[in-house]
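Taking it in order: structure first as structure tokens, then the write-up.
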Amino acid sequence: MKAIFVLNAAPKDNTWYAGGKLGWSQYHDTGFYGNGFQNNNGPTRNDQLGAGAFGGYQVNPYLGFEMGYDWLGRMAYKGSVDNGAFKAQGVQLTAKLGYPITDDLDIYTRLGGMVWRADSKGNYASTGVSRSEHDTGVSPVFAGGVEWAVTRDIATRLEYQWVNNIGDAGTVGTRPDNGMLSLGVSYRFGQEDAAPVVAPAPAPAPEVATKHFTLKSDVLFNFNKATLKPEGQQALDQLYTQLSNMDPKDGSAVVLGYTDRIGSEAYNQQLSEKRAQSVVDYLVAKGIPAGKISARGMGESNPVTGNTCDNVKARAALIDCLAPDRRVEIEVKGYKEVVTQPQA
């Protein structure tokens, strides 16, 4: 079966991500008007390269928190007589609110604040004065953009960010705003899919275990008798050991007594029942639970000799020929537990 991955623009809940961005940064309201700074006599280069790095924590598909560093660029005040420069950078903390448009594309906004540092300098040949000052402060940050999941772990974003009132004109001579359009890439940690929970294989059905034992009646009993002989007791002792070793779950045993066809059918039926019961009584006395074993007389049914003795007329010879029909069969049936080895 092939694995199917669904990309999501937002990272998984309760995971971290980190990335960087690069873009076009532009200052607005850039004139010098305070603390001895004065306007230049040439063009002002108010757009520069901006860059940043950020890290975040995704709470759920709609909410995350980000912290980042931004270099907002250096603005040059050009002039052949009077010139100067202004630059700013800062650390920001924002809440990121997102909403999915498709499975792999989100729109989002970020709202928060930036702790910034602003530096300015001026060289004024017209007055023979040079100035250099810096200032720090906090300004609100607003940003909006779209984020696209390239892979499960990698996402890109296109964003426009606005920082209001950077610097104090009374200190650094100006108080510009900054807008930055950037393209960012982030790596999301912990996006691996959890291992699927494999349901354990159902326990195999127990196997039915059946075993047959056949004992010659001539070993167990004297001819035409139902009392066990000493040799018969020894044979049953050996049988008991085998039955004890089997130990099938929910096992039971049926003792079937058979006779030959000599004598009346009714007599043979009665004799087979007595012989079967004698075997049961002996095995119960040895320790087999009485509820687990039963006796059944089968009379002269199911002969194993077939018609092989049909032409035997002498009684003694017929008794010998029909000896295989005189038997006791024990059928043990139960359930055997099937043990499967766990797969590595």
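Just so it is clear, glycine is given a Cβ too, placed from its N, Cα and C backbone atoms.
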Same-side membrane placement of Q26 and T102 in Swiss-Prot: no
Of 50-59, 90-100, 105-114, 140-149, whichever stretch has the most CB pairs under 8 A to the transmembrane segment (180-188): 50-59
Average model confidence [pLDDT] within the topological domain 'Extracellular' (25-49): 76
Chain residues in Cβ proximity to the transmembrane segment (63-71) (below 8 Å; excluding those fewer than six residues from its ends, i.e. six or more beyond): 10-11, 50-57, 89-98, 110, 112, 114, 161, 163, 180
For the transmembrane segment (15-24), distant same-chain residues with Cβ under 8 A (at least six beyond the ends): 47, 49-58, 155, 157, 159, 180-191
